[in-house]
Amino acid sequence: MATVPHSLNDKSVTRSFKEKTGKMLGVNPQDAKFTKTYMFVAFAALLLGGILGLLQGLNRAGFMELSPQHYYQVLTAHGLLLVVVFSGFFCIGYFYAAMSHTLGGLLPKVRKMAWTGFALKIAGFVLAVIPILMNQASVMYTFYPPMAASPVYYIGLALIVVGIWLCCFGAFIQVANWRKQNPGKHVPILSFFATGVFVLLFFGSVPVAIEVLVLVLPWSLGWVDTINVMLSRTLFWAFGHTYVNIWYMTAVSAWYVVIPKLIGGRRWNDTLTRVVVIALVIMNITGGFHHQIIDPGIEEPIKFMHVFMSLAIGFPSLMTAYAMFAVFERTSRRQGGKGLLGWYKKMPWGDVRFLAPMIAMIGFIPAGAGGIAQSTNQLDQVVHNSLWITGHFHLTLGISVALTFFGISYWLIPHVSKRVLTRKMNRFGVVQTILWTVGMIFMSGAMHTVGLFGSPRRTAFTTYFDNATALSWNPYMTLIGLGAILLVIAAVMQVYAAFNLMFFAPKGEEEFPIAEAEVGDVTGYWTERWGLWVALLIIVVAMAYVIPLTDMIVNAPPGSPPFKTW
Amino acid sequence: MHRSEKVWLTLSFGMIMLFMLATGYQSYALEMGPPSNMETIDPQKVDQTAPFDNPGVKQIGDNEYEVVMTLQVFSFNPGKLEFPAGSTVHFTLTSKDVVHGFQVANTNINAMVMPGHIQKITQKFDKPGEYLVLCNEYCGAGHQMMATTITVK
Ligand code: HEM
Ligand SMILES: [Cu+2]
Ligand SMILES: [Cu+2]
């Protein structure tokens, strides 16, 4: 293992030099435009998706009539807008800004690739939405065969994947180029996170590309008669699970790198931070099987192995939990705070850039615990496909990921728009953060509870012919509706803030907050061996998937023809 | 690494292993593994293939029943089942069209039912009452109506 020790001195020299050049050049206007466009799309999607979410919440609460067909159309669009557009565009816009900022601007070639990716994704999204609007694709974003949407829907999804790949390759070229020009140096931490995220994004989307291009598209076009249902579903989740964790990693990057700066501290141990990234990259894809714990056609020993593979992902998250509280404690002690818990008095709670991701982190404690619980076979059997699951991912995505993204937007959007976050807008943001949190607590809490009683997800308003059990769920459904109302108010406020900070806020410079490493924190250069990490990722994926996939192909039943059941 | 971090990570690792052991114990010693039947069937010939050519309830022992059931948009066949309290019921399930879910509220019954695959799950019904059976995988425009009941007397 080659380690490159560098003396403190020359580290601080390069640092101040970098800071100066950063100040001199400011944000590269072309890179800023790229990120701004991504943010614009992301928050437009949040607005639309939030309004659709409100319709769902009101319908399930029985406040508003919506025909079942419309409910499922709306739900398909809500899923797609929020998980594919909002989270997906935010993540790429943020990491491209981070690469531009920490690697000295994007290469023209990279910028071109990323814009091409943007165009493909938008085109793909439009193609996917048209059949949804025409009631030809109410198959949800999971599109489990043998429900078959219009082929146009799948072509749209395929274009989105190709667009994402272009952004991945752009990032690889950018980082590789920086490494060539800075031999022996560590990739700056946010770009290290970006590398991990784009590696996962690429490898994680290979299975879904295979699913769509090889299995689903030819079948929906009528070129083949039947499809292997289990194989499609398994390939989907190898992707779907990874995708979710990519946003989680994006949020985590801000927890490790941005939050310490906002509280006036320094980062957690650099090597361990990088180890967390590497661990998440290597172990993530195989988690997909926990979405199939009660499926037929997968043997129990395989399911048991996968419980381990899923729980293993909990380990880096538990490292993160420790790291965060250690940073808080250390920072507050330096500022005169006392005791193990005295840190909370020293935190800038009134700063939305801190408050939002902080609540996101706190929310991850119950969210992560719930995740660990439902990864085990028997507990999953209790909650699978119930509203518990919907509650779970509104906690993980709606709190841990979305609130972190919101917090980032309050500095990133003014940073790339050459505007500032005013005190007034900050206060507005604090109120918005609190409203969103309260709304999510209501909605997600009620979903978790009623899910335990057996109320299913993805189901339009129903009392199941006035069944007593189903009627007893109604009070919780009302809470879901109330939560949805609070949430949509907060969503509209957030979108207003994003657009205001982009186009109307006072001009100025807003900082890109990146905390420094601790003095004397020396990182092992072995953390930069991406070839090895990718090789390990492939080995782990092979261990997890070769046996069950072979079984699903070799012992497959006759396939299924397409059905349109809506 | 600080001592406290080592302790934390050891505890974390221990907790994960504990979850593993509990899952393994329940799956293998208590035979409470998740429904994972491996048999397959031609999904386009369900009606002609035994045992689904003759869906229904069969008593197979004292207080023991076998239910052969097909799921299709948007119903369970047979529906409206009745058993005496204390019955153990073995369900054998498959789908005639898209993916469905088989869930009975207030029990541990929850299984995915896929076309092409035969799923099996067993439950002992001790408490009398009316149990709600519902499909918990979105399966089309009538998904919210796909339900029936099991009455235990
Ligand atoms: C205004 C805020 C929001 C409201 C009111 C809302 C409401 C809802 C409701 C009621 C459902 C459940 C529908 C059902 O299973 O029958 C749902 C599903 C879902 N929501 Fe949200 N949500 C909001 C924000 C978000 C955010 C920020 C995300 C992710 C970033 C998100 C992702 C999802 C996903 C992935 C589903 C599942 C779709 C499916 O089952 O195919 N939601 N939402
Ligand atoms: Cu997952
Ligand atoms: Cu169904």
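Backbone N, Cα and C define each Cβ position, glycine as well.
Feature annotations, courtesy of TrEMBL:
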type	residues	note
TRANSMEM	A:38-58	transmembrane segment
DOMAIN	A:38-505	domain 'Cytochrome oxidase subunit I profile'
TRANSMEM	A:70-97	transmembrane segment
TRANSMEM	A:118-141	transmembrane segment
TRANSMEM	A:187-216	transmembrane segment
TRANSMEM	A:236-259	transmembrane segment
TRANSMEM	A:271-293	transmembrane segment
TRANSMEM	A:305-328	transmembrane segment
TRANSMEM	A:354-373	transmembrane segment
TRANSMEM	A:393-413	transmembrane segment
TRANSMEM	A:434-456	transmembrane segment
TRANSMEM	A:476-499	transmembrane segment
TRANSMEM	A:530-547	transmembrane segment
Stretch contact, the transmembrane segment (A:118-141) with the transmembrane segment (A:187-216), Cβ-Cβ under 8 Å, 3+ pairs: no
Stretch among A:271-293, A:305-328, A:393-413, A:476-499, A:530-547 sharing the most Cβ pairs under 8 Å with the transmembrane segment (A:187-216): A:271-293
Average model confidence [pLDDT] within the domain 'Cytochrome oxidase subunit I profile' (A:38-505): 92
